[in-house]
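Novice: First the structure, which I've put down as structure tokens, then a few questions once you've had a look.
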């Protein structure tokens with residue numbers, strides 16, 4: 001902290017303020033109280049006084065030698081052409097001599113010059129002193145002339161003011177005279193008028209003329225008086241303006257004179273300081289505290305005058321040798337020319353906290369002298385406001401990138417995340433939510449960034465085609481509960497036998513068919529009704545125009561029926577209800593209608609908008625009415641789509657065929673899909689190599705609302721992905737690769753974020769059993785359904801862990817993964833190849849095959865039940881009453897007992913009850929009857945018993961005998 005007054009400086013020196021005031025008075029510094037301010041010059045004068053009073057001499061000179069060493073390497077080829085590395089070490093040595101001021105520095109610089117040079121130096125200094133005196137005299141003469149000029153201007157100003165005052169007085173006198181003359185004239189006129197009236201009282205016409213004349217004269221006199229007053233006012237305003245202008249000129253002249261005085265004072269002190277030896281009375285003197293060598297920063301005049309004084313001291317070496325390589329050969333203490341000419345050395349030695357860049361710094365770096373040259377102004381740093389940045393956070397970002405966006409160190413981000421309970425590294429990828437929380441925690445504003453993704457080109461690059469909107473067939477999704485006859489109804493419509501081909505008689509795949517009727521084409525989507533296929537049904541409702549809700553007349557509304565209604569309402573799709581199985585004796589269509597009304601589906605006959613059609617998939621009753629109602633709804637919707645345009649659609653189902661590769665069933669929603677088109681479906685892309693209809697027959701094109709199966713994609717696309725035709729395969733590849741990377745980054749970030757949470761959960765829950773599974777299915781929809789169904793089986797004690805799930809056959813990679821993770825492989829409608837089977841047998845990997853989802857779920861549930869810890873139950877087998885107590889040496893207390901209930905076995909556990917309160921629980925140590933060891937004693941018999949580690953048995957106690965049995969638990 002810099003000392004600003006006497007009291008603070010005394011506290012810094014750890015001495016009484018009164019003693020310091022006495023020393024300041026002795027040094028010639030006039031300070032009256034402890035609150036008086038102290039300048040650096042005052043402190044310097046006090047220091048000089050104390051040095052002189054203690055007998056310090058100016059001849060005590062010390063010097064400092066700095067040695068710099070720089071090592072570098074160069075590579076040079078020898079005669080054989082082989083490169084060699086040579087170490088080059090450059091050493092530089094400089095000597096600094098302590099100086100009190102510029103004059104003494106010049107004398108020290110000339111210490112090695114001969115005595116004859118001293119006389120020349122003295123003459124040169126006298127000449128410079130004479131020139132400085134002449135310059136000062138000239139400046140003083142100029143100042144006197146300017147002061148005389150200012151005095152003349154002041155006299156002129158006063159003269160002008162007096163003249164203006166005299167003019168103002170004259171104007172006032174003239175105005176008063178005019179007013180008096182006007183009053184006299186008016187009095188004469190009044191008297192004349194009265195005389196005229198007295199003389200000519202009878203002449204009325206003549207007096208009227210006289211009155212008019214008098215009124216005109218009075219008006220003229222008033223006008224003249226008004227003009228005189230205006231002239232006087234203008235003269236006064238002009239006088240005031242002149243006075244204001246004179247005052248401004250005087251102030252400007254005084255300010256100029258003050259500036260001249262300050263200008264004259266500043267260089268005079270600096271030049272005297274540069275020529276004459278330092279005097280205690282001169283304030284601008286170098287501050288020397290505690291024997292340091294530094295000098296305070298000088299004003300511009302001093303810095304301009306200093307080279308003129310320094311130059312002769314080092315002129316000889318600076319002028320005789322050129323700058324450059326010759327300067328490097330000079331000795332460190334030989335002169336100042338080499339130090340000043342070298343641009344790298346001119347910057348000086350940097351010290352910590354010095355922001356001057358080495359300019360005009362007279363101190364070295366080092367632990368003892370560090371920071372002493374700073375004045376009080378440089379030590380204070382104003383507080384700055386925290387900078388709040390707007391940070392754009394992408395979907396995934398590493399810790400280092402996030403820190404760079406906030407302009408802070410990565411270690412700060414890591415510290416904040418450690419406080420939040422998450423251990424991260426500098427290269428770890430964070431998801432968007434976590435990164436935004438960290439940004440908010442650090443006081444910045446987080447904004448979800450919009451990525452420069454190539455998908456934006458899809459929207460920007462869409463050319464508006466003028467293709468004509470033509471009517472298209474309706475897309476009808478058949479939905480309902482399992483076993484309500486959806487597929488059988490479609491079979492009757494298609495005249496096919498699809499249901500017989502499904503395993504277990506239930507639909508486990510989403511199917512797409514189009515049917516040609518006399519009134520038009522209808523495209524049907526058949527969705528599974530099992531509860532596991534929720535995602536499939538949601539995809540079917542998303543791509544549909546009309547929903548046919550199939551409800552069995554004998555079963556009514558079931559859970560999946562309600563779910564189908566919810567999907568249809570969420571998509572805003574009209575519903576046509578088909579009440580199936582009306583040919584059964586127990587069919588009750590009216591009950592079905594009432595249940596559907598309760599769910600919000602009101603029939604048309606009740607005033608609603610949903611047609612109800614009773615049908616029988618077995619006999620074909622009502623099929624035509626159903627198709628009629630579907631086409632009627634389609635006409636109301638007025639479904640249209642462009643045909644002559646690039647195709648767009650949706651992936652209904654996807655699978656991996658061993659011979660064909662990735663195969664996708666897509667529904668074209670607009671445009672026409674041709675064989676050879678480049679398609680993009682999610683992260684998969686490719687050229688359509690083959691296109692088949694639902695019957696497996698090749699086709700060249702597919703229009704709106706037509707389902708087709710395409711081949712040629714790079715990978716199996718996700719079910720529900722949008723399919724779009726692009727003109728360029730390069731653009732399709734770019735977008736697909738971008739989507740793959742984004743999906744991978746997001747998945748990795750979420751996995752890393754969940755690692756610590758799951759670890760802490762497992763630590764808190766104790767030992768949790770894991771059932772690792774690898775699932776391979778024939779199509780993606782079945783794989784999704786099976787994964788979701790199995791994950792729902794997880795409990796607090798046994799957890800289902802899906803290590804890997806994919807579409808396709810079971811390969812060696814799957815078996816190797818199962819070996820590493822100790823997982824069970826489940827194949828749903830898929831099989832393992834020969835190599836995978838052989839590898840699984842050698843590694844003991846269990847592979848299970850299923851074709852019905854019920855069986856897979858039930859067997860996994862049974863396996864999880866076997867992993868549950870068995871439940872321990874206590875079974876009370878008998879009660880014993882203590883009749884007598886015996887003390888047996890080396891054995892302890894033996895109780896003579898009567899078995900009052902049940903049976904007592906040797907291996908049982910026992911509780912000791914006293915007054916129906918349990919006082920001990922342990923095991924039987926011995927069980928005897930008539931001195932013979934027995935295994936059991938039944939009710940009504942006496943026996944002798946001893947309890948292990950318990951001898952405090954009294955008569956009247958009861959022993960409760962029990963056994964612990966383990967019971968297997970089930971889910």
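In case you wondered, yes, glycine gets a Cβ from its N, Cα and C as well.
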Novice: For the record in Swiss-Prot, which of the ranges 49-86, 391-428 is the region 'Disordered' one?
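Specialist: Of 49-86, 391-428, Swiss-Prot gives region 'Disordered' for 49-86.
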Novice: Looking only at the compositional bias 'Basic and acidic residues' (121-177), how are its residues distributed among DSSP helix, strand and coil?
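Specialist: For the compositional bias 'Basic and acidic residues' (121-177), the helix, strand and coil counts are 57 helix, 0 strand, 0 coil.
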Novice: For residue 582 (GTP binding site), just count the other CB atoms lying within 10 A of its CB, please.
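Specialist: Step by step: centre on the Cβ of residue 582 (GTP binding site), count other Cβ atoms within 10 Å, giving 19.
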Novice: Taking helix as H, G and I and strand as E and B in DSSP, count the residues of the region 'G1' (480-487) in helix, strand and coil.
Specialist: 2 helix, 1 strand, 5 coil
Novice: Indicate whether residue 582 (GTP binding site) is helix, strand or coil by DSSP.
Specialist: coil
Novice: Across the region 'G1' (480-487), what is the average pLDDT of the model, as a whole number?
Specialist: 79
